[in-house]
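Trainee: For reference, TrEMBL lists these features for the protein:
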DOMAIN    B:15-135  domain 'Cyclic nucleotide-binding'
DOMAIN    B:149-220  domain 'HTH crp-type'
There are 2 protein chains.
Amino acid sequence: MESRCENCIIRQFNSLRAMSKEELKQVSDSKTVKTIKKGESLFQEGDKLNGVYCVRNGVSKLSKLSSNGKDQIVKLASKGEVLGQRSVISEESTNLSAIAVDDMEVCFIPKESINNTLQKNPNFTMEVLRHMAHDLKEADDVIVNISQKTVKQRMAEAFLYLKNNFGEDEEGYLALTLSREDISNVVGTATESAIRIISEFKKKGLIVASGKRIGIKDERKLLELVEGF
Amino acid sequence: MESRCENCIIRQFNSLRAMSKEELKQVSDSKTVKTIKKGESLFQEGDKLNGVYCVRNGVSKLSKLSSNGKDQIVKLASKGEVLGQRSVISEESTNLSAIAVDDMEVCFIPKESINNTLQKNPNFTMEVLRHMAHDLKEADDVIVNISQKTVKQRMAEAFLYLKNNFGEDEEGYLALTLSREDISNVVGTATESAIRIISEFKKKGLIVASGKRIGIKDERKLLELVEGF
DNA sequence: GGAATACTATGACAAATGTCAGTTTAGGGA
DNA sequence: TCCCTAAACTGACATTTGTCATAGTATTCC
């Protein structure tokens, strides 16, 4: 297990790649590695973060509690993603909770290291900016999807998303296994509705399921469904 | 009408305030002022933008067309807001259309001026970053609202939003008058549903309406509605 | 191994929302 | 002014989705 940021492959996937050797050294010296068990939280909505989390392993759900008591999952973050950046940059408390869906391993980087680099290295700042621009674009897409598509379409889309972003295991099942409740919180619907639609998709041969695990069987038809037949 | 950026008050509200005098001078020399009539577009989804638009007057709706043919309005931008930044920064084509809801006056700033400053002035980059972080937080809130609240709650919220962000005229009506269709596209519902709920709110004394204009009558009750009674 | 607990599943029903069809109203030109 | 068109509105109905109740199934923890 490599523990120096300078040598960490994960870094290639996020904005830390724009850091200089010196800066990385400083980050590495100040960082701490944490292990988060499935179900535990990295941080909760409303927390003031004094650093960011760089995901080494596992998956975290970023969610927000609504007034009716339900969580909405806004994003699923895995290897290479940096969590908490927004909060650190705007110096506000975070608007999302981060909870481990898997067992996770993350590096905590204190905000001083980040802010320091932001001030001194324009390349790094630009890189962070580019990432944020990308996230914002994605968020717009989510808004349009949720408001203009039916639950069924969004379910289909969610499965395709899981396949494209987290891949499949050797047996062809989605590598990321979510509970039915988590799926419903990604899609933004009632758990029962999600379960019903999963049953329907199974019957129609679009997906297969064994226990919690779900596999995509007919990607083309799922895509057609998303686009509205 | 002041036409030098250095003296433009609008600038105080956006990231351009972090520019140096020299930089502002350069921006001012390269900018062009444009007048956009109600209903005309600043840019369309998919366009490659070669600059950003700084809103001086009027309001623009930022929307995205969904596969079912409906527009979803993601944001309403008014005086002081800068449009197209995301696209220019990530050098991708824009994912939103910007259409004038009012007659508008905007300054077009070529991307070279922006990119030039981004590279040389870390303060400016940080300022843009902060704005983007804010927008992203807002987008998350929209996602949660749309997916977890009923249409009625979102309608109530939309009216409060319009009041808080665009204010009221002398007679107590909302200063920004949107068509029923635009309202439904902000809320993410069918136009008929929006109209029905407006009628209901009128009957219950939550709002008043005269023609297209809508006034908020019982803010407290609207708020209670948003929070789920 | 077995009880306790959480998750998955299904039916029945109610509520919310969308769609279609048609009417009324308002505002902008000729 | 009056017409004409677009927008606002209303009703009836179908569909979608959520809620409640309940049962089956897996998982965990002693």
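Cβ coordinates come from backbone N, Cα and C, glycine included.
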Trainee: Tally the residues of the domain 'Cyclic nucleotide-binding' (B:15-135) by DSSP class, grouping H, G and I as helix, E and B as strand, and everything else as coil.
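Mentor: Output for the domain 'Cyclic nucleotide-binding' (B:15-135) reads 44 helix, 41 strand, 36 coil.
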Trainee: The domain 'HTH crp-type' (B:149-220): mean pLDDT?
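Mentor: Averaging the confidence scores along the domain 'HTH crp-type' (B:149-220) gives 95.
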Trainee: Tally the residues of the domain 'HTH crp-type' (B:149-220) by DSSP class, grouping H, G and I as helix, E and B as strand, and everything else as coil.
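Mentor: The domain 'HTH crp-type' (B:149-220) comes out at 39 helix, 11 strand, 22 coil.
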